[in-house]
Amino acid sequence: MKDNEVFIIGLGNPGKQYIKSRHNIGFLLLETFSKKYDAQFTLKNKLKSRYTEFKINDSIYKLFMPHTYMNNSGDAVKAIVDWYKISLDKVFIIVDDIDLPLGKIRFRKKGSSGGHNGLKDIINKLQTENFNRIKIGIGSPPINETKKQLNTISHVLGNISSQENSTLEKVYQKVIESLEELDIKNEDYIISELNSFHK
């Protein structure tokens with residue numbers, strides 16, 4: 001790993017049926033980011049991910065979309081970390097969060113999975129909770145205590161509405177702008193900016 005490399009891993013599920021789902025926000029953000037720099041993703045089997053890279057200022061940004069399905073995200077993240085011999089402070093996980101309102105962002109440098117199966121698997125495979133994660137709120141499903149789990153699954157796997165997408169596009173832009181400034185702004189300042197953002 002070089003000092004000027006930044007590793008961004010967006011979580012989601014591969015497959016056409018999941019492309020526009022709320023659970024695929026990590027993928028959708030990275031696709032938006034890569035298009036800005038005309039970068040194309042290619043499948044890297046050894047990394048269990050689709051991958052692209054581009055340069056911003058003096059930094060090389062490496063973007064990954066795991067091809068393992070959400071619940072096995074840790075397999076891809078561990079493969080990436082081991083292959084590049086990465087210090088985890090250079091890794092940023094992009095993930096959806098059902099406990100955050102739509103349009104809210106939360107940057108955490110460590111912590112539990114919060115019930116998110118993708119984060120849970122990463123913690124299990126890396127054997128640590130100490131890694132950066134940028135959580136993007138997708139809001140909660142309607143309350144129905146008798147079908148709570150079913151409601152949650154259908155909500156995260158459900159497609160993003162056009163109204164939600166309008167909000168999320170602003171969120172993606174804010175996160176991308178913050179990631180672009182990693183080499184010129186203090187990380188604590190970036191964390192504060194993201195955590196105070198709400199569209």
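Here, residue 1 is simply the first one shown, and the rest follow in order.
Every residue, even glycine, has its Cβ placed from backbone N, Cα and C.
For H23, the entry in Swiss-Prot reads active site, proton acceptor. Under DSSP, H23 (active site, proton acceptor) is assigned to a helix (H, G or I) in the three-state scheme. Long-range C-beta contacts of H23 (active site, proton acceptor), restricted to its own chain and to partners at least six residues apart, with a cutoff below 8 Å, comprise G12, N13, M70, D96, V156, L157.
Long-range Cβ proximity for N117 (tRNA binding site), meaning a same-chain Cβ under 8 A and a gap of 6 or more residues, is found for M70, N71. Per Swiss-Prot, the feature tRNA binding site maps to Y18, Y69, N71, N117.
Residues annotated as site 'Discriminates between blocked and unblocked aminoacyl-tRNA' in Swiss-Prot, with sequence analysis given as evidence: N13.
The site 'Stabilizes the basic form of H active site to accept a proton' annotation in Swiss-Prot covers D96 and is backed by sequence analysis. There are 25 other CB atoms within 10 A of the CB of D96 (site 'Stabilizes the basic form of H active site to accept a proton'), with all protein chains counted.
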Cβ-centroid neighbourhood (8 Å) of the tRNA site, Y18, Y69, N71, N117 excluded: N13, H23, T68, M70, N72, S73, G118
Cβ-Cβ distance under 8 Å to Y69 (tRNA binding site), same chain, at least six residues away: N13, P14
Largest CA-to-CA spread of tRNA binders Y18, Y69, N71, N117, angstrom: 16
Least Cβ-crowded entry, counting other Cβ within 10 Å, from the recorded positions listed as N13, N71: N71
